[in-house]
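What follows is a short report on a single structure.
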């Protein structure tokens, strides 16, 4: 069973015991009296590895973005919900070793996300950063754009301006193109002052793009303060 998972990762392990440990939940280890053989320590390491891999990717591929904005993207891309998406793409839930009590339940998102982190901890320990990066590119990157695209910039901006007791408004100021290929322009007003604009194929996406732009500008201002 573990060999099938290894094939999906397209790697050649040196220490197979690390990969077995990465999918061993504490309930299974306790039940089978496997001292220090659960995946919790690997999870700790894997969390740091995945954060570094994501930071590396964003720094390299998103040259125009500032530190504050990249931090927001990284946080969204490595949160529990995102880790679960990556884990399910390789059916990791089918390989996790659980105690009898846990087997009677559905594997929850926390267990699945933790196992995914532990798996990257194992890859890093066994094969190093370069191979961990190759697996990251194989599993994470193809799904990353959808996750980043689904960041709700309008809500983030709304929460920010509300904390400053200000109001924000959006207006669609331009609509061009044919029905099947329209492009909309949205402008953002903070306390009646035009602070940015965005573009999109729908009104909603144009407003999200405008909010993204303003957040980027505001985060630059915070960094300079």
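Every residue gets a Cβ built from N, Cα and C, even glycine.
A C-beta separation below 8 Å, combined with a sequence spacing of at least six in one chain, links residue 47 (active site) to 117, 121. According to Swiss-Prot, the active site annotation covers 47 (among others).
Summarising the annotation, Swiss-Prot assigns active site to 117 (among others). Under the three-state DSSP scheme, residue 117 (active site) falls in the helix class.
Taken from Swiss-Prot, the feature Mg(2+) binding site covers 43, 114, 117, and the record attributes it to sequence analysis. Here residue 114 (Mg(2+) binding site) comes close to 39, 40, 43: these same-chain residues lie at least six apart in sequence, with C-beta atoms under 8 angstroms from its C-beta.
Residues or ranges marked as domain 'RNase III' by Swiss-Prot: 2-128.
Under the heading domain 'DRBM', Swiss-Prot lists 152-220, citing sequence analysis as support.
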Exercise. What is the number of residues in the domain 'RNase III' (2-128) that are helix, strand and coil, as DSSP sees it?
Worked result: 90 helix, 2 strand, 35 coil
For this session: Fewest other Cβ atoms within 10 Å: which of the recorded positions 43, 117 wins that one? Let me know.
Result: 43
Seminar exercise, completed: For Mg(2+), residues beyond 43, 114, 117 with C-beta within 8 angstroms of the site's Cβ centre include exactly 39, 40, 42, 44, 46, 47, 113, 115, 116, 118, 121
